[in-house]
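A.B. asks: Dropping the structure in here first, questions after.
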Amino acid sequence: MSMPDLARVGAFLEEVAHEDMLPFWRRIAQAEVTPKATALDPGDVVTTVDLAVERRISQGLRALLPGSAAVGEEAAHADPRLLDALGGGGWCWLIDPLDGTRNFVEGNDRFGIMVALLRASEPRAAWIHLPARRQTFFAEEGAGAFLNGARFLADAADGAEAPAGTIYTRFMPGEVGAEIEARAAGAYRPAQGAGCSCVDYPSVARGETDFCVYYRLLPWDHAPGALIVREANGVVEHLDGTRYSAMSRSQVTIVARSRDVADRMRRALSARPGQSQRQ
């Protein structure tokens, strides 16, 4: 089974967003929004748009690559056993049909579709489509990262300044979050994150932000963006230096625009408060 026509995938995602998502943006009824609370995320919600878009994308992508599996966020929420497909040797589509659902409901433009095509738990191609911004990010393993068809690379960060970025401690265990915040104090310039991966990952990939630090690693939130960042010469790896994959368990993870930024943040987050970071 060979790779599908990757250009058709991007066009298909744009079509789905135009037909099944944007008509409901800033018009969605409260009756179409349902709580999807979990112990870690009591404010989470799902909408009829999430569900309809996921069904259409799953069906369409499997048709583009017969014999492939598809794992969508909402389907996996209902049946976590579907995640077993991520570690198999075959092709598997990983789908976040509406990343930034709460943003979508609130009417701001920080939402999008995220898709990765995996093989052996590694993303081989990835798409992030931001419909309200008319931006489609795409990456293919070894072939680069693209925005609306134009290749881009993150510029090297200015090493004279502390990196600017966001450290998301929300899903960290209390003691881990407190320790990370203490270690990071003074080592970076806080930046306002978007609160959704579909915007934060492209921001790092383009060098608009130097880094983000995550803990909760739901695969649909990270696998697509990880490939786009890497193909733009960025880094996505855990605090111990191991490489992120779609099978990674929740742990402190650095997404950085460059190797230099990743190493600087790793030194900062690994140092004891008050300990020198020059190691």
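Cβ coordinates are placed from backbone N, Cα and C, and glycine is handled just like the others.
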A.B. asks: Same Mg(2+) site as GLU73, ASP96, LEU98, ASP99 according to TrEMBL: which of ASP200, ASP210, ASP221?
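C.D. replies: Among ASP200, ASP210, ASP221, only ASP221 appears alongside GLU73, ASP96, LEU98, ASP99 as Mg(2+)-binding in TrEMBL.
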A.B. asks: Can you tell which of ASP96, ASP99, ASP221 has the most other C-beta atoms within 10 Å, given these are the binding-site residues?
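C.D. replies: Going through ASP96, ASP99, ASP221 one by one, the largest Cβ count within 10 Å is at ASP96.
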A.B. asks: What are the sequence-distant neighbours of GLU73 (Mg(2+) binding site), meaning same chain, six or more residues apart, C-beta distance under 8 angstroms?
C.D. replies: ASP50, GLU54, ILE95, ASP96, PRO97, LEU218, TRP220
A.B. asks: Starting from the Cβ centroid of GLU73, ASP96, LEU98, ASP99, ASP221, the recorded Mg(2+) site, name every other residue in that chain with its Cβ within 8 Å, sequence order please.
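C.D. replies: Everything else in range on the chain: ILE95, PRO97, GLY100, THR101, ILE113, MET114, SER197, CYS198, LEU218, TRP220.
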A.B. asks: Which number gives the other C-beta atoms within 10 angstroms of the C-beta of LEU98 (Mg(2+) binding site), all protein chains shown included?
C.D. replies: 29
